[in-house]
Structures are given as C-alpha cells and as structure tokens.
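Student: Sharing a structure below in structure tokens format, with a few things to ask.
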Amino acid sequence: MVLVMKLLFLTCLWPTAVLHSSQSQHHHLHHRQQFSFLRKHNSKREIKMRKLDSTKVRPLKSEQLLRIEDHDFALRPGFGGSPIPVGIDVQVESIDSISEVDMDFTMTLYLRHYWKDERLSFRSNKNKSMTFDGRLIKKIWVPDVFFVHSKRSFIHDTTVENVMLRVYPDGNVLFSLRITVSAMCFMDFSRFPLDTQNCSLELESYAYNEDDLMLYWKHGNKSLSTDEHISLSQFFIEEFSASSGLAFYSSTGWYNRLFINFALRRHIFFFVLQSYFPAMLMVMLSWVSFWIDRRAVPARVSLGITTVLTMSTIMTGVSASMPQVSYIKAVDVYLWISFLFVFLSVIEYAAVNYLTTIEERKQLKKRGKASGMYSIDAVQAMAFDGCFHDTDVDMDLTGFSDRCEENETRAGAASSSNVDTPRLKRKRSLKGNVGRIILQNNHVIDTYSRIIFPSVYIVFNFFYWGLYI
C-alpha cells in the first residue's frame, strides 16, 4: 500500500520537474547568448579605443631588436664617464658658387659621423648591420654637429630625406647626411684679380664641449675626399686639406673644431680680356694724339675725351662687381695708372696748344703782323688753313708763303688761263712736303711725349706684372 502511494506521488511530481528543468536550461542558454554578445561588443570597443590612443602603438620589430624603449637616449653614450669619440669624414660633391660681393661660398657634401653606442647593440648570427632611414634618428642619440660661420644650410629631401643610419651588432653607428651649406669666407682682395683665396668650412659640436664629446677626423688627412670633376668658372682649386683645433667660449668652455680647408686661385684670362687689355688699348690710343698736328684741335680734343670716358667706364664696371672694400686692389692700381696716362695726354695737348698760341703771337709781333685778320687766324688756327704756318715752315717754303699772301691781296681777281692760281700751286707744293711740314709743325713737347709716354708705361707694366705674378 505504501509502495502504491509513493508511485502515485512520483507520477504527480514528474511533469513539474520536467517543466522546471526545461525552463532552467532555456534561461542558461539565454544568459550565455547575452554574455557572448556583450563580450563581442566590449572587444570591438577595446579595439576602437586602441586605434584612438596613439601613445600605445606597438613597437616596431627593429625597435624591439634594438631595445630602444629600454633606454633613455636623451643622454649621450657613457654619460658621466670619459668623452665619447665621434669620428667625421667628408666627401665634397661640388662647390656650387663663390661670391666676392657677399664673401661666401656654397658647397654640397656628404657628412658622415661614426661613434659607438652600446645601448644599440643587438644579437646577430651573421654579424650583419641594419640600415635605417631618418625616422629612427629622432628616437636615439646623435651628435649635434653644426657649421660655424654658416649663413644657410639644408638637408636634401628629393625624393626622400637624404639621411642614412647604419647600426652594427656591437653598437657601432654610422650616420650620414647630404647637405648643402653656404658659409662665410674672409677674402683679401689686395691682389685681386691676381689673388689666391683660402677658405674653410668649420664643424663643431653645439652643446657638448671637450669634456663630453671628442670630435676628430676618422681617417686623418684621408677623411676628406673630393669629386674628380669639381671645377669653377673663375677659380682653379689648388688643394683640399683637413685640420683640427680648439675653440674657446667664455661661457661654456673649450670645443673641438674640425676644418675643411681649400685654396682657390683665380683665373686671370677673363680679367685680361675685360679690364687689362681694353685699358692698354685706351692708353696706346691716347698716344696717337702726339702724332696729330697740333693745330687739329677738334681731332686731338675729341680723342683725348673719348679715351678718358672709356677708361672711366672700365673702372666703373670693375668696381660694380666687387665689394666696397677700404683698401686698394691690384686691378685698381693698374686702371688708375692707365687712367693717369690717358689724362696726362689730354693735359699734354692743352699745354702744347697754349704754348703754341703764345709762340705764334710773339712771332707775329716780331714780323709786325700782330693786328688784323692774321691775328685772329693765329689764335684760332685749326689745321692747314692755306694761309698761315709757323715761321720755320714759312722760311722753308718762302715761295708758297708769298703766293698765299698774293692770293689774299688779289682775291677775286681773274687769272690767265695758262697760269695756275696760287691755291692750286699751294696744293701742288704740299703734295711732296706734307710729312715734312707735319714733323716741323709739331711742338717740342709732342716730340718728347712720343718717347717718354710709351717708355714709362712699358716700365710700369714690367714692375706691375713682376710684382703681382
């Protein structure tokens, strides 16, 4: 009986238990689905937050290999110990320009730094180096080398920034740049254009003095190399040399300084064609007036003024292309002496003309012809006017002078057909005596000037070129 009652009781409870079990399983399934949805949602939100947070970018593989995040590269290698040696070598690609007016030069070069930073050492089975571009430079320590006395400089960036970093397994570093720099060159123009200019490009650490950084040439004198095809239009590059020294600043101390020295010898041929040769021609052209008759006033005056103005133009052109220095240059000496010769030739004719006029007046007074038309002709004589000549010439050509006077007193009178007029006879007599008349009609100053001026100018050229070349 008891057994029957237990069976009935279990029969009644069975449907209720099954229903409760199914509800419980459905509830757990719903809970799992909801948890899975929230998990996916949170994962997406976390990924999004990671993308927005740029300070938590995963390090690159190269940075992990070099362990950059494990060190403080704001400090130099070996901070607190001995100064770090930084070797330098330079390859000069070209000298782009030399400016005398601005006293500077522009140079393109490859600048390479060598140092050792054990913080960058890494394991390598094949002992191979790793090469990087400029992006890694900002995350490690590099020497702060700058160019002393530079005016402008820039790193080439076509097609990408011309920067290279090479790290070796033992921590040795090579840092290379391609740079164009314009720097001052203190030029001395006292021998211009027969000069040789010595210029230098100076390298120095900006922040680290000799207690922290030792700057030196990596391979001694061989650290400086040049391209074989370097050439300039006005200069011949005589030599390149490397040297080193120390620079002192009162507030920060002593610094290592490296020098790239080069000597530039100027080509003289351009200035010979543009300045020296034209000046020589103008001086020799001014001597032509010594052979022109002293009564040819328009010819000799115009020739003298032309040569003076031409010399002034040459001197102005040379000065315009040079800096305004306070001392005399070699080209100034030559041009000013040449200008002096040209100017003296004009003064020489002024003296000749004045003395000739005084002499003629005295001769006319002695001959009793100090008044009338002859007095005016004597003072304003231009050339052979057909009537008046110096006394010496008149004495040699007495017949010609008589016929001239006869022509003046008998002006307008008719002549016989078988006798030539006095003017025609004068022309005939001049045909064979023009040379002798010109020589005799020259003043004694002209005669001496023909010898003295060329002789002194030749002596001046001899001493000038012997001194400056």
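Every residue gets a Cβ built from N, Cα and C, even glycine.
Unlike curated records, TrEMBL annotations are generated automatically.
Below are the features listed in TrEMBL for this protein:
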| type | residues | note |
| --- | --- | --- |
| DOMAIN | 68-267 | domain 'Neurotransmitter-gated ion-channel ligand-binding' |
| DOMAIN | 276-364 | domain 'Neurotransmitter-gated ion-channel transmembrane' |
| SIGNAL | 1-24 | signal peptide |
| TRANSMEM | 268-291 | transmembrane segment |
| TRANSMEM | 303-322 | transmembrane segment |
| TRANSMEM | 334-356 | transmembrane segment |
| TRANSMEM | 451-468 | transmembrane segment |
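Show me how these features fit into the shown structure, please.
Tutor: Within the same chain, residues 193-194, 234, 299-300, 303-304, 307, 310-311, 314, 317-318, 331, 334-335, 338, 341-342, 345-346, 348-349, 446, 449-450, 453-454, 457 sit at least 6 positions outside the transmembrane segment (268-291) and bring their C-beta atoms closer than 8 Å to a C-beta of that stretch.
Outside the transmembrane segment (303-322), and at least 6 residues removed from its termini, the chain residues within Cβ reach (under 8 Å) are 100-101, 189, 192, 274-275, 278-279, 282-283, 285-286, 288-289, 292, 329, 331-332, 335-336, 338-339, 342-343, 345-346, 349.
For the transmembrane segment (451-468), the residues of the chain that approach it from at least six positions outside its boundaries are 191, 194, 283, 287, 290, 330, 333-334, 337, 341, 344-345, judged by C-beta separation under 8 angstroms.
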Student: Determine how many residues of the domain 'Neurotransmitter-gated ion-channel transmembrane' (276-364) DSSP places in helix, in strand and in coil.
Tutor: 75 helix, 0 strand, 14 coil
